[in-house]
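TrEMBL annotations:
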type	residues	note
DOMAIN	A:91-157	domain 'HMA'
TRANSMEM	A:179-199	transmembrane segment
TRANSMEM	A:211-236	transmembrane segment
TRANSMEM	A:248-266	transmembrane segment
TRANSMEM	A:272-290	transmembrane segment
TRANSMEM	A:424-446	transmembrane segment
TRANSMEM	A:452-480	transmembrane segment
TRANSMEM	A:745-764	transmembrane segment
Amino acid sequence: MAKSCFHCLEAVPSGFQGEVIFEGIANPVCCTGCQAVAETILAQGMSDYYKFRTETSGRVEELVPEQLKELTNYDNQDIQKDFVSEQGNLKEVLLSVEGISCAACAWLIEKQLLALPEIKRVDVNTSTHRAMILWNNELTQLSEIIGALMQIGYKAYPFQADEEAAQKQAASKAYMRRLGVAGLMTMQVMMFAFAMYFGMFSGMEDGFEQYFRWISLILASPVILYSALPFLINAIKGLKSRQLNMDLPVSLAIFGAYGASCYATVMSVGEVYFESICMFTFLLLLGKYLEFRARMKASEFTANLQKLLPLTARRIAGAAEEVIAAKNLQLNDLILVKPGETIPADGIVVEGTSTVDESMMTGEHLPIKKFANHQVYAGTLNHDGVITLKINKVGQNTLLNQIIKLQHNALMKRPKIVEVTDKVAQWFVACLLIFASITAIGWYHVEPEHAFWVTIAVLVATCPCALSLAIPTALTCAVATLTKKGILIKEAHVLETAPKVSRYAFDKTGTLTEGRFTISDITILDQQYAESMILSLASALERYSEHPIAKAFVDDNPSFIEIHQAHVSTGLGVSGEFEGKHIAIGKPSWFGSHASFAQATLFVDKHPIADFYLQDKVRTSAPEVIEYLQSHRLTCHMLTGDSSKAASNLSNELGLDSYKQACAPKDKQQEVEQWSNRGHIVAMVGDGVNDSPVFNSAHLSIAMETGADISKNTADVVLLNSDLNSLKTLQGVAVKTKQIIKQNLTISLLYNGSILPLAALGLVPPWLAVIGMSASSIVVITNSLRLLKL
Amino acid sequence: MSIIYVLIPIAILFVVIAIGVFFWAVKSEQFSDLNKQAHSILFEDDKEQHKKSNDGN
């Protein structure tokens, strides 16, 4: 039985002996990284962290002195300009911190940082995973702050909030203020309204009634003039662009009834409706705010694009190298990229060889070998060699930025199904306005003194609040349910589109498969060695490699064997000494004559012992989901950049309707566009950056959480648990939501349709109008709430 | 009953103060992360050991 690590709770690999003493008991840890972090945390008296954490922290990678040294780059004033702001003699920075999982992390970070000299303020936000730090630069350097975070196991990067994020923050605060005012004031107005209701039955002195009306007027004014103002502004905006939107009758009713009530108060005639309009404003705002929150949370989750690009670059100036801000790179500059660093701009390799992980561009996880005259791209990760690059594209021209541009362009011409609902609403609004005017004119000719009040009654009673709540509440509830199940909806149209989808297209690597290699077959070439021995040797060696293939060996076969003099040979493999023999694992052709199609071969004294065939594992949920979708008469296709035979094998295995391989991002996009031109509604499921252009062409785009940040930013839906079964849930909830929206619309249209003639004839007294309006809204909301229980 | 003419404006004054406090709370980001605040009560602020490490710095 494997023990679990004290710090990260992952299984402790057998053979590792580290432990940490907590409250007198020795606890095992899984690696020296976790050990160092746990010891730091305990030594500084922050053991509360282990008592109160509700989520586990991730596994900690060991600190490399090289990395610590690089942090000092962040102290460079020139580089800091972009993300540090000055506040008097203090500096303020926003860090994006990896690994924050619960409130205990926030506490730990605050404690750790406040122990540094002259840190004035630390604010950790556990929902956005960001920390705001205010410090005095003379006593503490930024690199020390980031270093201190690393000591307790958190990786931090300077974060630059883009304009969009700042706007959303401001919008969220504005919503909260408006809601606060509306909520507090509505309570007060209701209080006086109740007093007046009782006064109606038991009689009230005229003086008191008039006083209460004035008080209600004063209390309701901020709600109408401040909280309800956005409705009016939207309505006017709509009118200016010659559109009748839902906000128009809403604001006509609110401001009309408010105006009428003010008139009634001043002139002491007729009825006042202050409490109804206040409550109406509050409920409407609340619905809109919850909808906004759900959407904001979804977008916060997907990290900032800029994180893909490093902030600094090493420029070669003469014989020396200097660190400069990446954005100051010029064409034809020579830069040096070390192992493990991200490439800052597009360039051509002039010197050195290395393998580069381009998975964020291509979605394919096998690193690509690069040597002289090869093109490398900004944002990709250099694996194992030192390379010198000559920059040939900077800024907007890099491939990464072009992909982003492509996706922006596609975004412009996205079919908006929402527009259809808007059109229906426009008709409804137009009819309502015409009807109200006819009522006004009709009554003006029959009984002019009643005309105004009857018209207001028509607007209040038929006030389309049930109608305007029908769609948003259902959508909000559905979104909340899906979020709980790990499905993030980023666009409101998803739930309308999903039930109509007729075709699903899947990316291969990372979507249908796990994007992670496992050993599928071992051919033993020297029968002297048993398979278990071969696997142990292989995993003992591969432990020293960072190559993604190495993970296939290490993850499944923990090894007891100690290797001496381990050495990583770039582009070839790993070698070492074991019991006096020279052993090595790597390319089949490493030591000459051995020819094989295997991905790796194990050698003892340069003699091949075993061939390893690796395979990307199919997600366990994939066959089930494909079957489910096909049984619902949806066709399933695969579009993959992979050109190998694995694609056709996988397609046969899963029984897909068709597949197309060796697709560039553009090919995928064309394929999907052809389908939609033929009238199909297409959903695309993918994970890489190469999928983000096609995401915009598809009617519905779904990204895996394990995918690249860009694709998560573009996608309409993000599957947080990366479980394909979520597609079933999504389909199910979407269909149910469609039903409920239909019911809601029927209820509200029936109510409005039946009360309209009655109100127009002057048969609806004010109290009945209010009750009818509230009751229809409550029925609609209750109906929508059923979606929460799915 | 005429006391009501005085009391109600005073009540309104309280509401105005409450709104002011609420606006301040929104402005100083008290609502940006509700999860953290709920747990913060569990953590002890100053342990002897921690103080020492503070002084040591």
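Easy rule for this one: first residue shown is 1, then count along the chain.
From the backbone N, Cα and C atoms, a Cβ is placed for every residue, glycine too.
Per-stretch counts of Cβ pairs under 8 Å to the transmembrane segment (A:424-446) identify A:745-764 as the leading one among A:211-236, A:272-290, A:745-764. Between the transmembrane segment (A:248-266) and the stretches A:179-199, A:211-236, A:272-290, it is A:211-236 that has the most C-beta pairs under 8 angstroms. Within its own chain, the transmembrane segment (A:211-236) has Cβ neighbours under 8 Å at 178-179, 181-182, 185-186, 188-189, 192-193, 195-196, 199, 245, 247-248, 250-252, 254-255, 258, 261-262, 264-265, 268, 272, 274-275, 277-278, 281-282, 284-285, counting only residues six or more beyond its boundaries. Across the residues of the domain 'HMA' (A:91-157), the predicted structure has a mean pLDDT of 82.
Mapped onto DSSP helix, strand and coil, the domain 'HMA' (A:91-157) counts 22 helix, 25 strand, 20 coil. Beyond the ends of the transmembrane segment (A:179-199), by six or more residues, the same chain brings 208-209, 212-213, 215-216, 219-220, 222-223, 226-228, 272, 274-275, 278-279, 281-282, 285-286, 289 to within a C-beta distance below 8 angstroms of the stretch.
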